[in-house]
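A.B. asks: Residues or ranges marked as region 'Domain I, interacts with DnaA modulators' in TrEMBL: 1-91. Residues or ranges marked as domain 'AAA+ ATPase' in TrEMBL: 152-282. What TrEMBL lists as ATP binding site is G163, G165, K166, T167. For 341-460, the entry in TrEMBL reads region 'Domain IV, binds dsDNA'. According to TrEMBL, the feature domain 'Chromosomal replication initiator DnaA C-terminal' maps to 368-437.
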Amino acid sequence: MTNETWGEIREQLQKRLGKNNYSTWIEPLVFAELTDGVAQFEVPTSFFGDWVRRNYGDHIRKLLISSGLGVERVDFTVNTAPRTATKPAVAEPAPAAKAPTRAKAMRSRAADEDLPGAPLDARFTFDTFVVGKPNELAHAAARRVAEGGPVSFNPLFLYGGVGLGKTHLMHAIAHDLQSRRPDLRVLYLSAEQFMYRFVQALRDRSVMDFKELFRSVDVLMVDDVQFIAGKDSTQEEFFHTFNALVDQNKQIVISADRAPGEIKDLEERIKSRLQCGLVVDLHPTDYELRLGILQQKADQYRDQYRGLVIAPGVLEFLAHRITTNVRVLEGALTRLFAFASLVGREITLDLTQDCLADILRASDRKVTIEEIQRKVAEHYNIRLSDMIGPKRLRTIARPRQVAMYLSKQLTPRSLPEIGRRFGGRDHTTIMHGVRKIEELMATDSQLSDDLQLLKRLLQA
Ligand code: ADP
Ligand code: MG
């Protein structure tokens with residue numbers, strides 16, 4: 001791209017975004033280069049880059065495409081040698097220094113060698129992955145694969161809900177393998193891209209090339225494999241690729257949003273193949289993990305904005321309140337720092353509540369006692385009326401206590417309030433029930449599994 005084109009695009013951005021946004025966020029961008037479908041811009045700070053990526057990245061990309069450029073992604077890297085802000089000149093001199101940028105240094109080998117892989121995100125490394133109870137197994141398995149030693153389980157199948165770190169771990173494996181074993185051909189792509197390439201090969205009558213290419217890699221990683229469910233010819237091709245690589249003892253890593261057996265419209269033979277290796281589940285985050293992730297992010301931001309103060313308790317508050325997924329958590333913190341630095345204020349609890357009101361409202365747990373009673377009754381196959389009724393039979397009293405326990409855990413209701421919803425029981429009865437379950441949980445693994453499942457169902 002010439003700087004002239006960028007000049008024109010900037011004019012369009014100014015019209016679309018308004019003068020203020022334009023001069024704050026677009027004017028300081030310096031176009032660096034366009035290679036392999038990635039348009040690189042230099043930005044003054046990484047926060048700045050994050051902000052522009054989130055808010056305007058798509059606008060910019062679309063405008064670049066509509067001016068005829070093959071752009072798959074726009075990327076923002078921090079410009080280490082500060083440059084004087086440029087005027088929105090139509091023809092400015094080409095930027096002289098092209099310091100090797102982080103994104104460039106980390107570009108996947110796949111792209112360099114014309115493997116049809118997706119670009120790797122330079123931020124998704126093992127260093128930046130916070131390990132906690134919910135993800136420790138997945139992390140350990142990913143580390144093992146990243147060593148590039150003899151294949152000990154194939155495939156590695158990672159699954160879990162949105163935003164729990166599947167893609168992060170896969171990129172981390174690819175980064176690590178690239179530096180540890182540069183001799184290996186590592187291919188990372190999403191299942192959607194796999195399908196797209198396959199369809200393209202069908203259209204171009206180059207299926208043999210496609211097959212050859214995919215069978216020539218040493219490590220194949222396919223992200224979000226649930227995507228190919230129900231897409232018959234792609235599934236078929238995936239199955240053959242998969243088998244060919246396993247036969248050659250090449251490592252395969254797969255991710256999905258659920259366990260292999262639970263993916264609807266996926267062929268049985270594929271399901272059973274996927275279950276042959278190591279299937280690991282990324283559990284929903286717990287409080288400690290969320291706090292750890294927030295602390296890591298906050299440390300990065302603190303380096304970036306010297307002088308920005310974050311009051312004690314703010315991170316704890318966020319870890320407690322935003323339980324949905326890590327992406328939302330990160331977004332919240334980014335917005336908070338952006339806001340605080342714009343207004344030049346300390347990040348206090350008040351500021352946090354103002355700035356994040358919408359996110360906090362959306363992640364409020366809205367589980368009700370009635371829902372809990374209904375789900376628990378269903379799970380243990382008892383009548384809903386028995387939840388509040390007087391029966392003392394163990395087969396009924398125990399589920400009732402489970403419901404009491406969950407009501408205490410998942411709702412903000414007090415013990416007397418809970419008592420009222422359980423047929424007017426006394427608060428000491430509720431307390432006894434809660435304690436009983438806590439006690440049993442430690443020794444009764446069936447019960448603790450039940451509780452985990454119920455919690456997950458109720459919070460979904
Ligand atoms: P998924 O692919 O499971 O939907 P991602 O890997 O895209 O989730 O993660 C979403 C965001 O959360 C990414 O920015 C990622 O870096 C971050 N993230 C998730 N888990 C962790 C973790 N354990 N430590 C640090 N960052 C994490
Ligand atoms: Mg993902």
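Glycine is no exception: its Cβ is also placed from the backbone N, Cα and C atoms.
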A.B. asks: For the binding-site residues G163, G165, which one has the sparsest Cβ surroundings, going by other Cβ atoms within 10 Å?
C.D. replies: G163
A.B. asks: Long-range same-chain neighbours of T167 (ATP binding site), Cβ under 8 Å, sequence gap at least 6?
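C.D. replies: Once residues fewer than 6 apart are set aside, T167 (ATP binding site) is near D121, F124, D223, S255.
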A.B. asks: Among G163, G165, K166, T167, the binding-site residues in the record, which have a C-beta under 6 A from ligand 2?
C.D. replies: K166, T167
A.B. asks: Using DSSP, what is the helix/strand/coil residue split across the region 'Domain I, interacts with DnaA modulators' (1-91)?
C.D. replies: 44 helix, 18 strand, 29 coil
A.B. asks: Given a separation of at least six residues and a C-beta threshold under 8 Å, show me what packs close to K166 (ATP binding site) in the same chain.
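C.D. replies: Counting only residues 6 or more apart in sequence, the Cβ neighbours of K166 (ATP binding site) under 8 Å are L158, Y159, G160, D223, D224, S255, L282.
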A.B. asks: Please average pLDDT over the domain 'Chromosomal replication initiator DnaA C-terminal' (368-437) for the predicted structure.
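C.D. replies: Value for the domain 'Chromosomal replication initiator DnaA C-terminal' (368-437), mean pLDDT as a whole number: 94.
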A.B. asks: Tell me whether T167 (ATP binding site) sits in a helix, a strand or coil according to DSSP.
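C.D. replies: SS state of T167 (ATP binding site) = helix.
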A.B. asks: Determine how many residues of the region 'Domain IV, binds dsDNA' (341-460) DSSP places in helix, in strand and in coil.
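C.D. replies: Reading the DSSP string over the region 'Domain IV, binds dsDNA' (341-460) gives 89 helix, 1 strand, 30 coil.
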